[in-house]
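Undergrad: Questions regarding the structure given below will be posed in turn.
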Amino acid sequence: MNSVPVLTVKPWRALFDEKFHVVVGNLPPTQEVTLHSLHQSEDTDYWEAFGHYVSDAQGRVTVAKHESFGGTYEGVDPMGLLASMRPIPGSRTGLRFRIKEVHTPMVVHISVYRGHLSQGFREQLALASVVTERWCMAPGVRRVDITEGGVTGTLFLPPGPGPFPGVLDMWGGGGGLVEYRSALLASHGFAAMALMYLFPDAQKAATIGFHYIENAFRLLQDHPLVASDKIALLGTSFGASVALSLAVFSETVKPICCVCISGSHVLTLKANQSIAESFKVMKEHVHKSRMDENNCIIWRDTLLPIPEDSDLKVDVGRITCPLLLVVGQDDTNWAAVESADDMTQMMERAGNSHLLTTLSYPGAGHLIEPPYGPHCRACTFVLQPGQQRVVVLWGGLTKPHAVAQEDSWEKILDFLQEHLCHSVKPHVQSRL
């Protein structure tokens, strides 16, 4: 009698940034099989990944140990079934995987098929299947809408009485309110506030500027469950420029530390300046942008060459708190590599380079996010304000980009823990 294959995924319910372990047992020795993952996004698009394996002498495939010989990923890759996901054939073009509803899980169907398949999974009968859940919010994390003082954001609070170290979380030029990173930070013990500061309405956008960001920081600082003297700034892309500007130019906001991902100091946001005005430098040099062979826009040259005049950039030589830079060496959207090099030189000349830590990743692109989400090399992008749609090349190769996301996220959490929690009782992460 033939044995029935057994597929296990542990833990089947986990945080989005938590590893899982996939094992197939009860196979014949040296059996060719395909492991396949499938997810339907909140926008109803289907994403998939798959790897080709051969069972060992015991009739087992252990994804964390065994090599994938083909598929959307190759080699030993424990999280390849998530990190190499891509839209299924026939999907809409220009897609980017985004999590909008943080209170519901990302549901992923993991299946094993006989043979080495690359298409037609829906027409095949799976040998075994498991449904897994990937959550952004650990049990007990609280989500609070923020509308005070004209500020729009969402505060995520860890379980427990507090006070908790705080993080003001700012994404980039795509605008909107992106919550999932803040939800994950709260799951790791930080009171994290996702801030919306780029708005689609041009008239409203013209009124948002430096003082809006300062007000958001103070709102977080004044919350009764937040340790007012233990707050960090976290920014990605243009959000990194905002974080650097606040750390240098603000007379009242004094972050304990800053994390800047795929950012630049060339775009500045100064007191009494609006967000729209801070984009002026980029608009003046938009003629330097170019297209690749697939008509994807490349913006990185709009910030080059890096100006020598310190008045034309954020003077990071004035930063007085620890600063972590995260850089993808294949960033085709932003001059993050050149900016990081120039910031290093500025801080060395100013004598504060001891505050700087730089993480630089070969083969990683611009969109360095929490780990185990699908890599996006290019996608449709909506300019804020105005709602103009373009296709942007972000850069990066799937495997090295996934490595960068996993390594940088762990080090970002360590950095925040080191500088925010050394005198605050650390919170043990809630596992699902």
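Heads up, the Cβ atoms here are built off N, Cα and C, so glycines get one too.
Whatever TrEMBL says is automated annotation, not expert-curated.
Annotation comment: TrEMBL describes S237, D331, H366 as active site, charge relay system. The annotation domain 'BAAT/Acyl-CoA thioester hydrolase C-terminal' is assigned in TrEMBL to 210-420.
Describe the structural context of these features.
TA: The Cβ neighbour count for S237 (active site, charge relay system), using a 10 Å radius and every protein chain shown, is 26.
Proximity of D331 (active site, charge relay system) to non-local residues of its own chain (separation of 6 or more, Cβ distance below 8 Å) is seen for S262, R300, V337, A364, G365, H366, W394, G395, G396, given in sequence order.
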Undergrad: Please give the average pLDDT for the domain 'BAAT/Acyl-CoA thioester hydrolase C-terminal' (210-420) in this predicted model.
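TA: Mean pLDDT for the domain 'BAAT/Acyl-CoA thioester hydrolase C-terminal' (210-420): 93.
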Undergrad: Counting across all protein chains present, how many other Cβ atoms fall within 10 Å of the Cβ of H366 (active site, charge relay system)?
TA: 28
